[in-house]
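Enquirer: Pasting in a structure now, in structure tokens, and then I'll have a few things to ask.
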Amino acid sequence: FVASSVLAWEERAVGRTPDNVRAEQAPSIASGQSSSAPNAASSQSQISSTKPIAQYIEHALTTSTANTTEAVPPVFTKTEIVQATVDVTITASSSCQVPKPTQNPTQSWSTTSASTAWSAQPTKHGPGSSCQLPSNTLSNSQQVGNSTWGTLCQPTFPKWLPQPDGTEYKTAPWGDKTSKLFDASNNDDIPVTNVTRKYDFTVSRGVISADGVKRDVILVNNQFPGPAIEANWGDSIEITVHNNINSPLEGTAIHWHGFLQRGTNWMDGVPGISQCPIAPGSSYTYTIPAQLYGTSWYHAHYSAQYTGGVLGPIIVYGPSQQDYDIDIGPVMLSDWYHVPYFSIVSDAVGSDLSEIPPAADSMLINGRGRFNCSNPSYGDDAEWLASGVSSQTKWSCTDNAELSKFEFQPGKVHRLRLMNTGADGVQKFTIDGHKMQVIAYDYVPVTPYTTEVITLGVGQRADVLVTADNTSTNKFWIRSRTLSGPQCGGSASGEAHAAIFYSGSDTSSDPTTQASLTFVNDTSCNNVALDTTFPEFIIPAPDLTKPETYKQLDILMTLELNATGHYEWRMNNQTFKANFNEPALYPVAETGNISSTFSQDPFANVYDTGDAGYVVLNLTNRTPLSHPFHLHGHNIQILSQGQTALSTWDGTIEGAENPMRRDIQIIPALGYLVVAFQADNPGIWPFHCHVAWHLSGGLAVNLITRKDEIPKIPEGERQKTCEAWDQYSRTNVVDQIDAGS
């Protein structure tokens with residue numbers, strides 16, 4: 001399996017271009033070598049030489065024995081939310097122009113004076129009446145829909161939001177609470193603001209050209225990435241989601257990543273676990289308490305739908321142990337595929353290892369990238385034919401698509417909210433000529449430390465501070481690179497680029513800076529070292545010398561052929577598959593009877609953690625790929641991780657007095673990972689790989705914590721999604737070819 005699958009990956013990743021078109025050599029980012037033109041000459045490249053992959057195969061085989069302008073809406077810097085109406089302060093950037101459209105825009109905007117209120121979606125970010133993006137070959141709406149993420153018109157973000165009526169808080173809404181003295185996950189430490197922030201999302205199909213290649217997508221409010229959700233720590237957030245997906249019809253559900261959902265398990269947004277899918281033509285309103293603060297994202301949890309575009313950032317403002325001047329906001333890093341997600345899922349759960357999910361076609365930063373149209377590695381014809389994409393759309397590619405841009409003010413400290421919103425690849429993020437001070441991982445503030453590179457698996461986030469103090473030039477490249485080798489998830493384009501412009505610099509030309517770090521043939525997709533990161537608020541590891549205080553679950557991860565000849569990911573020899581019409585939470589919350597509920601449905605893959613105070617999860621990975629594992633409803637303490645092939649845990653804990661905490665951690669290929677969490681949030685919580693294609697293949701378990709204390713679901717809540725879904729699924733074939741959630 002290892003040999004055939006890795007060889008297939010190598011063939012797809014390195015040899016995807018037509019025979020008569022030679023792929024450009026990958027741009028080296030070794031120190032001293034220029035990589036200043038991320039376009040047709042540099043952004044489209046081979047993954048790597050074949051030597052590292054061949055060495056990887058040999059290692060795996062010898063060690064593994066296991067089975068002009070476009071009108072746009074005005075900008076605002078302060079979100080003042082009253083239902084769906086926002087009072088805004090309009091600002092403008094003289095260097096910001098909208099790309100000249102090549103066809104009539106699909107919408108129009110009415111721009112007014114700065115004193116006029118603008119009624120629109122509360123999180124719409126857009127340029128002001130005189131704020132224009134540089135002209136290019138694609139209009140902004142053609143590239144990313146209504147989005148202005150990654151433009152010089154994107155507003156900066158505040159230290160906190162005002163009250164809903166627009167009244168400014170005289171002091172921070174959370175009072176004197178600090179990250180060192182207060183535990184954000186402790187109910188007693190969470191502030192109560194009595195404020196609800198309301199949002200309205202419409203999910204529908206569309207067509208964009210994020211990297212210059214036209215493809216079908218599914219969007220939130222007709223933009224990619226979707227609009228931001230903003231709240232203060234202690235607020236409540238209410239989001240109404242309308243499913244307008246048609247041609248073809250499709251269900252949806254949205255997960256609010258990293259939120260504890262303490263007391264509101266049914267709002268977690270996982271179809272088949274906490275709800276039925278939102279049926280086409282119907283709506284559902286989520287209410288989520290902002291019990292943690294920092295940077296996160298929302299995404300569809302229906303199949304791999306989010307990889308088609310259903311995602312966006314979340315900012316919950318809270319205490320910061322480090323001062324800064326400007327909050328730049330979300331910097332979303334993602335791999336990007338030209339083939340619709342359903343086609344890739346079909347491969348991921350298929351019977352042919354040569355059709356395993358391919359390397360991504362492109363890399364994006366805030367939804368924008370630049371594909372080399374002269375060397376179109378679109379995937380093989382059979383793949384496109386199977387996905388139903390016409391040849392005309394297949395070859396629709398526009399050169400020099402707009403890259404994301406950010407403005408830095410010289411001498412100022414800027415906060416960047418990094419997040420890996422991709423499907424597969426581990427990202428390494430750098431800024432030419434600048435170092436970064438890390439202040440948080442996921443929703444956990446950490447003791448600040450300085451680094452030149454941030455490594456993020458899918459779903460992971462990092463908050464960093466960057467000082468604009470480089471006087472050698474006034475514009476710099478941002479780079480985000482997926483690591484070479486199939487075990488880390490790769491990209492045929494190798495590296496994504498965005499530009500930083502110091503205030504007053506010429507934004508009409510690209511930076512010419514050189515990369516200062518080397519990642520050539522880097523196949524290490526591990527997390528940051530555990531002895532580098534220390535949470536600000538100290539929580540000791542559980543005492544493993546007292547077995548009566550915790551429950552340990554040992555889980556073996558494998559990739560196996562099932563009885564029908566299809567590959568499936570397994571945890572303790574069982575794969576997961578959701579039952580959309582009977583969410584696992586409902587019968588447990590109603591009866592508390594686990595054995596009768598799941599005895600007939602082993603695919604729910606449920607583990608009862610009983611009434612243990614702590615749960616320790618000992619994961620052993622016997623697959624040749626790494627997996628970023630995410631636990632819903634909790635932060636996890638990282639007790640130990642093994643990087644050596646076929647290594648196992650010896651019982652020791654790294655940094656037992658205050659181990660690293662976050663909500664996602666990468667388990668290395670053929671290695672192990674040991675995590676613990678305090679089982680103080682009654683409910684059913686998925687624990688799954690966040691690589692979209694692996695979750696589609698069933699790489700998940702569901703943990704039931706304190707079943708007797710699971711809150712009763714409010715009267716009528718089940719009917720809000722399940723009645724419409726039951727009716728829809730009775731008259732329509734639901735093509736659930738994967739795990740579903």
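Note that Cβ sites are derived from N, Cα and C of the backbone, with glycine treated the same way.
Note that TrEMBL annotation is computational and uncurated.
I grabbed these lines from TrEMBL:
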type	residues	note
COMPBIAS	30-47	compositional bias 'Low complexity'
COMPBIAS	95-104	compositional bias 'Polar residues'
COMPBIAS	105-123	compositional bias 'Low complexity'
COMPBIAS	129-144	compositional bias 'Polar residues'
DOMAIN	204-319	domain 'Plastocyanin-like'
DOMAIN	330-485	domain 'Plastocyanin-like'
DOMAIN	602-708	domain 'Plastocyanin-like'
REGION	18-47	region 'Disordered'
REGION	95-144	region 'Disordered'
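So that I understand the layout, could you describe where these features sit and how close they are to other parts?
Expert: When the domain 'Plastocyanin-like' (204-319) is classified with DSSP, helix, strand and coil residues number 7 helix, 53 strand, 56 coil.
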Enquirer: Per DSSP, what is the residue tally for the domain 'Plastocyanin-like' (602-708) in helix, strand and coil?
Expert: 10 helix, 49 strand, 48 coil
Enquirer: In the predicted model, what is the mean pLDDT computed over the domain 'Plastocyanin-like' (330-485)?
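Expert: That region's mean pLDDT is 87.
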